[in-house]
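Working notes for the structure below.
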Ligand code: DX5
Ligand code: ZN
């Protein structure tokens, strides 16, 4: 699968979301961080904003739900126009049922792991998912430092994906920048969320292109992506 770059609008100007979406034309998805001030200590936006943003841009929306009770709320984000919906496994009561419901409603189903949540207990569940998100910071805020200690988890997850021959995308989110994206790609990530590294740049579209070029070059050299 080709490298994908998903700018996080958490670092954009919330008063100008349509313009900020346009500023990263060429991105694969817009990453939309939904926070409820319970699952994480921060509050961002909800279904009405996602509905408006979906109408305002052609770029598909990748909604990352950092909320409690995603079993109840996630389907509404599909109805609001999200192309991909990510719930946290730590918050989901029935992750398999929820992933199936998201898919049945027509979106890609994705599951996120906080830094302290291991991948191994979820090996049998991976075929139910279209994407797995490995958080590389504690969820809640943009602009945090990348956690290097997540690299072995990314590597082990890529091994599981290859072992089972899955089409699962492997996303990383948190502290992804020009100085960390190559290590993520080398470890096995293929979908990269970047907030401050894109919207903090002079030219956000150029930042997306540069990150993509770095990730593509690192993937081409990575052992996990070789045919042999
Ligand atoms: C953090 C969010 C991230 C955040 C990343 O909880 O899930 O998507 O926007 O921001 P950066 O790229 O600045 O770490
Ligand atoms: Zn996110």
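Glycine too: its Cβ is placed from the backbone N, Cα and C atoms.
TrEMBL names 31, 33, 173 for binding divalent metal cation. Of 64, 164, the residue it gives for the same site is 64. Taking 33, 64, 173, 175, 196 as the candidate binding-site residues, the subset whose CB lies under 6 angstroms from any atom of ligand 2 consists of 33, 64, 173. Cα spacing between residue 173 (substrate binding site) and residue 31 (divalent metal cation binding site): 10 Å, rounded to the nearest whole number. In the structure as shown, the Cβ atom of residue 175 (substrate binding site) sits within 10 Å of 25 other Cβ atoms. For residue 196 (substrate binding site), the number of other Cβ atoms no farther than 10 Å from its own Cβ, over all displayed protein chains, is 17.
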